[in-house]
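Now, the feature entries from Swiss-Prot:
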- 334-354: compositional bias 'Low complexity' (COMPBIAS)
- C110-C187: disulfide bond (DISULFID)
- N2: N-linked glycosylation site (CARBOHYD)
- N15: N-linked glycosylation site (CARBOHYD)
- C322: S-palmitoyl cysteine (LIPID)
- C323: S-palmitoyl cysteine (LIPID)
- K296: N6-(retinylidene)lysine (MOD_RES)
- 331-354: region 'Disordered' (REGION)
- 1-36: topological domain 'Extracellular' (TOPO_DOM)
- 62-73: topological domain 'Cytoplasmic' (TOPO_DOM)
- 97-110: topological domain 'Extracellular' (TOPO_DOM)
- 134-152: topological domain 'Cytoplasmic' (TOPO_DOM)
- 174-202: topological domain 'Extracellular' (TOPO_DOM)
- 225-252: topological domain 'Cytoplasmic' (TOPO_DOM)
- 275-286: topological domain 'Extracellular' (TOPO_DOM)
- 309-354: topological domain 'Cytoplasmic' (TOPO_DOM)
- 37-61: transmembrane segment (TRANSMEM)
- 74-96: transmembrane segment (TRANSMEM)
- 111-133: transmembrane segment (TRANSMEM)
- 153-173: transmembrane segment (TRANSMEM)
- 203-224: transmembrane segment (TRANSMEM)
- 253-274: transmembrane segment (TRANSMEM)
- 287-308: transmembrane segment (TRANSMEM)
Amino acid sequence: MNGTEGPNFYVPMSNKTGIVRSPFEYPQYYLAEPWKYSVLAAYMFLLILLGLPINFMTLYVTIQHKKLRTPLNYILLNLAFANHFMVLCGFTITMYTSLHGYFVFGQTGCYFEGFFATLGGEIALWSLVVLAIERYIVVCKPMSNFRFGENHAMMGVAFTWIMALACAVPPLFGWSRYIPEGMQCSCGVDYYTLKPEVNNESFVIYMFVVHFLIPLIIISFCYGRLVCTVKEAAAQQQESATTQKAEKEVTRMVVIMVIFFLICWVPYAYVAFYIFTHQGSEFGPIFMTVPAFFAKSSAIYNPVIYIMLNKQFRNCMITTLCCGKNPFGDEDASSAATSKTEATSVSTSQVSPA
């Protein structure tokens, strides 16, 4: 074995030299130089510095402006809450443990951090799935005159929490477990061992299929159909400037959504799956740490992509920051012009971009 497995941890280094120690009790500077842990702490501080105000403003502005309290924005609000949740309950702990070079809060703290980080990430992921389904139903109209209302939005929010809990709770009760990963200063699901005592193999397969592959397939299908529908609408009315503009906006949004989803999560999922399917192979702590920490940046990308590119929301945020006045123009007029976000149907001459 090229790693050292303990009762509640797995350190990616052989203990032939006798230097491996529990990541809950001793600094892990034999895995990486101290400055690398400082870099991780600085990176987490940056995510906290950016993530807290962005996601807080998203929540605050939506609460302050009634025009933003639309069914679709309930999902966006849930997404921002999940990101804020990740920053407060996950990133702050990871920054502190990185400064110390090991997981100073013990096994209980590891389960706490692993649970809340997983829960927040899964809420965000399934919120993106619900958004994709909503956009598909509204734009592609597979169910004729279906109208996405408040009840549907609340059901969507409840669905994201149910799916997130279905992923984050089992390790707390003996189906898999949370352990320190990579450089041993943050916790996640155990991809490193088969651990038959906790049926780890079956949980990892369940997690990859249900909580990664299926969401990816749904998102890809929905936005793929959305692009095709918009192009068809544009082709039927070449003279319509509104349709042409909507096509460009939708295409841009879809490209950004899919690319950043893949950038954030595929490297982490690939490395985790590689480690799990190559038990006993040699890999360094950096191999898992870099993609794991990079995936955390989704808490910053999500509000920027899904909300900051929303013109109506951006106008409301500017108005809030400028004490009730929009120095860049008439907020009401601008909001009316961009109220396509609230659209729940697609006519032959207009396609709702977001």
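Note that the numbers count up from 1, one per residue, in the order the chain is shown.
Every residue, even glycine, has its Cβ placed from backbone N, Cα and C.
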What residues in the same chain, six or more past the boundaries of the transmembrane segment (74-96), come closer than 8 Å to it by Cβ-Cβ distance? 40-41, 44-45, 47-48, 51-52, 55-56, 58-59, 62, 104-105, 109, 112-113, 116-117, 119-121, 123-124, 127-128, 130-131, 134, 150, 153-154, 156-157, 160, 164, 185-186, 296, 298-300, 302-303, 306-307, 310
Sparsest Cβ surroundings (other CB atoms within 10 Å) among the recorded positions C110, C187, C323: C323
When you look at the transmembrane segment (203-224) alongside the transmembrane segment (37-61), do they share 3+ Cβ pairs under 8 Å, ignoring any pair fewer than 6 residues apart in sequence? no
Could you find out if DSSP has C110 (disulfide bond) as helix, strand or coil? helix
Please give the sequence-distant neighbours of the topological domain 'Extracellular' (1-36): residues at least 6 beyond its ends with Cβ less than 8 Å from one of its Cβ atoms. 100-104, 106-107, 110, 177, 179-180, 182-185, 190, 192-193, 280-288
Please give the average pLDDT for the topological domain 'Extracellular' (174-202) in this predicted model. 93
Students should find that the Cβ of K296 (N6-(retinylidene)lysine) has, within 10 Å, a number of other Cβ atoms equal to 23
Sort out the sequence-distant neighbours of N15 (N-linked glycosylation site) for me: same chain, 6+ apart, CB within less than 8 Å of its CB, listed by position. T4
